[in-house]
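Structure first, commentary second.
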Amino acid sequence: MKQAMTPEEIKEKKPYLDWSLSEHEYDYICDHLLHRLPNYTEIGLFSAMWSEHCSYKKSKPVLKLFPTKGKRVVQGPGEGAGVVDIDDGQAVVFKAESHNHPTTVEPYQGAATGVGGILRDVFSMGARPVAILDSLHFGELKDNPTMRYKMEETIKGVGDYGNCMGIPNLGGETTFDPCYNGNILLNAMNVGIMDIKDMEHGDATGVGNAVMYVGAKTGRDGIHGATFASADFSEEHATQRSAVQVGDPFMEKLLMEACLELILHHREWLVGIQDMGAAGIVSSSAEMATEGKSGMDLNLNLVPQREPNMSAYEIMLSESQERMLLCVKKGHEEDVKKIFDEYNLDAVTIGRITDDGRYVLHHDDQVVCDIPVVTLTEKVLEEKSEEKKPQRIIDVEQSENWQPEIEDAGQTLRALLNQPTIANDQFVTQQYDSQVRTDTIVGPGSDSGILRVRHTKKAIAMTTDTNGRFVYLDPKVGGQRTVLESATNIVASGALPLAITDCLNYGDPNDPEIFWELHQSCQGIADACEILETPVVSGNVSLYNENNGKAIYPSPMIGMVGLIKNYDHVIPMHMQTAGDKIYLVGKTDDDFAGSELQKMMTGKISGLPHAPNLPGIKDYLYKLQKLMAEGLVQSAHDLSEGGLGVSLAESVFDTDLGVNVKLDFNKNLLFSETPGRLIVSVAPENAAKFEQEMGDAVSEIGQVTDDKQLNISLTNDQVNEDVAKLQKIWKECIPCLMKSKA
């Protein structure tokens, strides 16, 4: 690396502007925090730690809206992952993270390292990762070979990393929209299980205790990855692959086993542990010291390096993967080293804990950093962003909502099943191992993935849900509906919703309209979480998701987990037995704004999606879950994209069954996307009790048949379709698009 600038040259040439640090922030650091000019290494550390990706300096006021406490919450936001009590001294540990910019630039490695990073967040808590989910959002595939390539590589990256780790992928979601053409989204969620007594924290305390670096060696990959994720994205970034990390899942597997052995069997040696994620060593070390109200003194020459002549700046800001930082009690360094030696991993003491609150770095016999550690973590200048309601929303509030003109309901259903967001995503999920570890009860393709908790009768349900169209049209309502969609998916599987994690994917927060979208949608998420009793226990913020000034739809992703106390009561999504009665749960209205139907018929979205009656929906959803636990429900499937028509078809795919349904509404409403609805099937002998308990929240609409036909009678149309032909359309959509020559 060329000779670093002097502090005076930094002041004059302002290289920090390229690292997402403003001139105002630089002056504040000089005048109010350090009372001197920072050197090259120090300003690099400030740039990374004060980036939006690490500090949440713009989004923090909005994040304070979220409810984070609940009777089952053991650990909320602030640690590696959220921890939620699932009874019997056990907890589910989970978190979601975005890796959008790296995946857009280098799809395979961006996706793979996105999975790797979220695994480390979970096992650093003392939990064994048991499941991966992913929320993938691509541009249109048709006439877009670049997007098809990016999709293939992204899926391969997710699959290869998870498969090599031996952790099942239970699905998630895959959507397609032109707004993601220049900036795809990769949100990965990891779920782990642990005994609550084994929970670890990211603390660094105790003067003289060792700071130990464990795992893979440090290289030059990923330098300034945090600031890369905190700036506008443009065509220039298409070649910025040095900011993308390179993953090694086999190394991660060894690291996971070594860390879990240390935590579970020798925790008396350990004070704290944290993943080296965004901003690498500086982030993990500074955060651990701050959490422990301590100082830290590190010798960077002791850091294991895989490349020669690395500068202090490069060592500290590298985001090389498969690395952890430990705080180990003095005198147990060799004990810890022996564990990692058994796994062929580096384990090196690179520094000590101090009590002066200073963050001191040595390199090549020079002190290259000596600053108060809190200046990196707690003295960040929070930025108050301007907000402005977009004119498009003001205009639409004064206009009538779009209503479809459907000629043939059957033809419309066939066309919807051929939309890639609705179509079968087996092209994606078949590349994942969903059965490894042999605990999977329900894998990809259902409303929720479900995994049994070993040595118990319990099961954990999990889902990821995003709908940027609704949030774009009405951010607050869209936020509510996204959380509700997750809760409906969890209940459809027979589980009680417990808590959520999130990935908040938005454009440039310096745009007042985009910040307004962020604020309003987070308010909607908070409102829904409060009412549904699903606190936010972890998550992340990913801003600047734009390409050449064009932002994605505001796309908050909700990852939710639920508890099934007896896995004998897991509810399948497919109809089970001919003769069972079919019920529609929830009321249907003409809700087409942002729907798949609207996009398909008009090529655009418009209008205002309807606000859900959250208290009323919560009442019947949770009542339904209790009846499921009592064995009164045979199957259940939520209604989302494509509405009732699509869900009825999906409920008999891969079966020898059909449905005969009579509806008291018109053909338009067959494809309405009113939220909070499900279709359930109930055995005739349980129907009376089911109806009595559910009351007017349900209406009987038909029965399951054995003729493999989808028969739907409407007030102004009739659908008579062969299930096998519908399924063929649904299954072939994405493979056909991927094989396209255009």
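Using N, Cα and C of the backbone, Cβ positions are placed for all residues, glycine too.
The model shown is predicted, which means the values in this text are computed figures rather than measured ones.
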Further binder of ATP named by Swiss-Prot next to Y56, K95, G539, taken from the candidates D18, D502, D508: D502
Further binder of substrate named by Swiss-Prot next to S98, H99, N100, H101, R120, Q245, E319, S320, Q321, taken from the candidates S521, S538, S542, S555: S542
For Y56 (ATP binding site), the three-state class that DSSP assigns: coil
Maximum Cα-Cα separation (Å), residues S98, H99, N100, H101, R120, Q245, E319, S320, Q321, S542 listed as binding substrate: 20
Other CB atoms, at most 10 A from the CB of H53 (active site): 27
Under 8 Å by Cβ from D121 (Mg(2+) 2 binding site), counting only residues of that chain that are 6 or more apart: G80, A81, K95, E97, N190, D275, G277
Within 10 angstroms of Y56 (ATP binding site), Cα basis - recorded positions out of S98, H99, N100, E319, N540: N540
Neighbour count (Cβ, 10 Å) for Q321 (substrate binding site): 29
Spatial neighbours, same chain, of S98 (substrate binding site) - Cβ under 8 Å, 6+ residues apart: G114, L185, L186, N187, C503, N505, N540, S542, M557
